[in-house]
Amino acid sequence: MQIQFHLYNTLSRTKEVFNPQDQANVKMYVCGPTVYDNPHIGNGRSGVVYDLLYRIVIKIFGEKTVKYVRNITNVDDKIIDRAELLGVTIDELTDKVTKEFHKNMAYLGCMLPSIEPKATKHTDVMIAIIERLIAKEHAYVVDNHVYFDVLSAPNYTELSNRSLEEMFEGVHVENSKTKKNPQDFVLWKPAKQNESANMNFESPWGLGRPGWHIECSAMSYKYLGENFDIHGGGADLIFPHHTNEIAQSRCAFPSSTYAKYWVHNGFLTVNGEKMSKSLGNFITIRDLMDKQIQGEVVRLFLLSSHYRRPLDYNDKAIEDAKKTLDYWYRAIENINVQKIDLPHDFMQSLLDDMNTPLAVKIINDYAKGVFISKTEEERQLNASAIITCANFIGLMNKTPHEWFNSGVDELYINEFVNKRLEAKKQKNWLLADQIRNQLLEEKIILEDQPDGTTIWRKE
């Protein structure tokens, strides 16, 4: 019996059975970062959500049949402004932020995509698509700008499910006097005076650079063709970015439907408020790394809520994720765990539109099972289910010893343990107790063994 994966499609606003156009060639595109500043925790949520989706699709169809493209936007007005502010070159900024993004994704346990194209390497494809749009009268040139004619696009509002007036209400519109319609968006913009040369490119319309939306249309076309299966991104990209991608791609290639399934993850807030630098609650993934919060803790936090629902970052949520992982790691401690087939109920939770809260509950139930098991065989089966399920969603990639002692200076602690053992030999109980209490203040628990040795663990 074929596995049925139900996935919510923003385009149809329903959960649909995922049926790729070619099961031997499943194609997935996700909007990657604009590399002007260090990625924030919201970017991390997107990275983890689509990493999980990638893992599920691989499980169903096989690793060699799935192509996952995630782009790098390295040409943008924000990049120019940020480089100027920092007094660095465009390349210095984008290279540094791209490397930071890769470190952040590794920290969160995300697999590498199949292909990670950079926008600046694909301006030829962008120009070719823009020329097609002009030829088909879906785009026009004004003062060296090329604009897309929104009113020429059939079903422009389909993805957002709002009227044109609602979509543009309160939206700042640039160069509205030179456009046919105020809603028309830029496909190509001319270079500004004194701008960095490596941010502009030769084109039939003069030196300039692409608009944001055409970049993703071009890179998805280059690597996945006119039609592909999944397009993912944050809910904030539904309009204008994804709406404009659909419009320009379908108009450039009239026989194309572009992406079949549109998947969007929900917003992330911080302590109940929208994340904003002006509010002082802007949290980067680097901030979490510098606090020595383990990546698995952040990943579990990001998976703790259904991907389409809002998620609030706060200290308690991180603390709860840490306690949960401690519980799971404690459950498999000193048990000979083995990889087994993914339990049916766990897999079914993920096949139901990636229901990660239910998946996490199921792992918790297996952990409880370990502690109430009456036989060693039952304990081993529950522990093996924990590690198999957790590994599948990118968690529990350490041994319990590595987990509980992460960030601890083992040489420092072992030195005190040995001093305490020596004190006990000399019956200096006062010193032995002082050492135990000192380590306890540092959240290190000592456990004396029947054979006279002492083991330690983090609280």
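Yeah, the Cβs are placed from backbone N, Cα and C, and that goes for glycine too.
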Of the residue ranges 44-48, 99-103, 274-278, the one that Swiss-Prot records as motif ''KMSKS' region': 274-278
Correct range for motif ''HIGH' region' (source Swiss-Prot, candidates 11-21, 33-43, 286-296, 396-406): 33-43
Residues of the parent chain within Cβ reach of the motif ''HIGH' region' (33-43), under 8 Å, 6 or more residues beyond its termini: 72-74, 76, 78-79, 81-83, 93-94, 97-98, 100-101, 104, 212, 234, 267-268, 270, 275, 282-286, 288, 298, 313
His241 (Zn(2+) binding site) CB neighbourhood, other CB atoms within 10 A: 18
Three-state secondary structure, which DSSP defines for Lys277 (ATP binding site): coil
Candidate with sparsest Cβ neighbourhood (10 Å radius) among Cys31, Cys216, the listed binding-site residues: Cys31
Local confidence of the prediction over the motif ''HIGH' region' (33-43), expressed as mean pLDDT: 97
Whole-number Å value for how far His241 (Zn(2+) binding site) lies from Lys277 (ATP binding site) (Cα to Cα): 23
For the Zn(2+) site built from Cys31, Cys216, His241, Glu245, further residues of that chain with CB within 8 A of the site's CB center: Trp212, His213, Glu215, Ser217, His231, Gly233, Leu237, His242, Asn244
